[in-house]
């Protein structure tokens with residue numbers, strides 16, 4: 001039966017956006033000339049209050065994109081999986097044309113007047129749609145190397161471009177997202193372990209680059225070079241430590257006063273921890289946890305449509321992985337990488353793409369509720385528990401998220 005969209009999901013999104021706008025305003029209330037010059041080189045002219053104005057405009061644009069994603073028929077989106085993937089590849093290639101912008105030694109943006117766009121954000125969402133379509137095909141088999149090879153080849157192609165930019169953070173998040181979705185779809189664990197083993201030499205080669213190795217050393221002991229490679233992480237620790245339990249007060253943080261670099265983007269969670277304390281930081285983390293759990297709930301309710309179900313899982317994982325990686329960076333659990341905090345960090349590309357993703361999640365939530373049945377009225381998701389049904393009906397191995405207790409006992 002049809003149901004309305006999930007209002008709790010929309011409420012969680014609105015709370016995250018409200019927190020983000022407040023944090024962006026606080027973090028950019030005092031800005032340095034160097035920061036303004038950095039954005040000027042990217043073709044974006046901003047004043048002191050230009051950041052919050054631009055973020056407000058981005059939110060309004062994101063709402064329009066969310067509404068469009070909410071309205072698009074999911075069957076149409078399923079047919080657009082390949083074209084969307086090709087579009088994201090073209091956008092990624094434009095980075096290396098005259099439209100591309102170099103900043104901080106990386107070429108990750110394209111100029112779209114009057115602003116810029118980071119194609120890597122679109123790549124992640126298009127990969128989610130592609131994997132949702134691919135893993136819902138009738139011929140997809142988790143035990144088949146052929147079923148495993150194509151999505152890994154597609155991911156590998158994007159990884160090459162990411163590393164050319166370079167954008168190690170985007171490469172890592174895309175790899176985690178792809179592996180997680182394939183695992184949930186039922187890909188055999190031996191293929192995933194083989195992929196991990198093959199990836200170890202690549203990672204070693206990448207971190208052997210001098211500037212990346214400095215980040216690794218700074219991550220292991222940031223205080224050893226507190227004024228150099230470990231400066232950003234040390235300042236993040238100071239911000240989080242200064243906040244204590246309840247924070248120094250909204251707008252009263254000191255680390256945003258030219259101490260903590262990228263405080264309005266990648267390290268905005270550190271400022272939240274300073275101004276709102278441990279309590280505020282935990283509440284923000286709980287909002288992301290609630291969004292993820294709500295997405296999983298929506299996915300499980302959409303089992304009547306494999307594509308919709310896989311799409312909901314993928315979108316939930318995409319947002320959760322980005323949030324977890326951002327939390328890990330600012331708390332020193334992983335080396336520093338340029339990853340924004342969804343819905344909260346300043347930036348148009350991340351905001352628009354993530355709001356489009358939530359629009360798709362809302363779209364799935366209003367779809368048909370129930371499960372597919374096999375001849376005789378047996379629920380397809382439970383058919384693997386019945387030996388009689390498996391003996392009379394050809395049923396593919398169910399994905400991991402559909403395997404209940406007793407699967408291994410009855411499988412052939």
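In case you wondered, yes, glycine gets a Cβ from its N, Cα and C as well.
Note that the structure is a prediction, hence the values are computed from the model and not measured.
The following features are taken from TrEMBL:
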{"type": "TRANSMEM", "residues": "50-70", "note": "transmembrane segment"}
{"type": "TRANSMEM", "residues": "82-102", "note": "transmembrane segment"}
{"type": "TRANSMEM", "residues": "147-162", "note": "transmembrane segment"}
{"type": "TRANSMEM", "residues": "168-184", "note": "transmembrane segment"}
{"type": "TRANSMEM", "residues": "191-208", "note": "transmembrane segment"}
{"type": "TRANSMEM", "residues": "276-299", "note": "transmembrane segment"}
{"type": "TRANSMEM", "residues": "311-331", "note": "transmembrane segment"}
{"type": "TRANSMEM", "residues": "343-364", "note": "transmembrane segment"}
Practice item. Determine which recorded stretch among 82-102, 276-299, 311-331 has the most C-beta pairs below 8 angstroms with the transmembrane segment (168-184). Key: 311-331
Review point. Between the stretches 82-102, 276-299, 311-331, which one has more Cβ pairs under 8 Å with the transmembrane segment (147-162) than any other?
Key: 82-102
Check your understanding: Is the transmembrane segment (311-331) packed against any residues at least 6 beyond its ends, judged by a Cβ distance under 8 Å, and which are they?
Key -> 74, 77, 124-125, 128-129, 131-132, 169, 172-173, 176-177, 180-181, 184, 236, 240, 266-267, 269-270, 273, 285, 288, 291-292, 295-296, 298-299, 302, 337, 339-342, 345, 350, 354, 357-358, 360-361, 364-365, 401
Point to revise | Contact ranking winner - 50-70, 82-102, 276-299 against the transmembrane segment (343-364), Cβ under 8 Å | key: 50-70
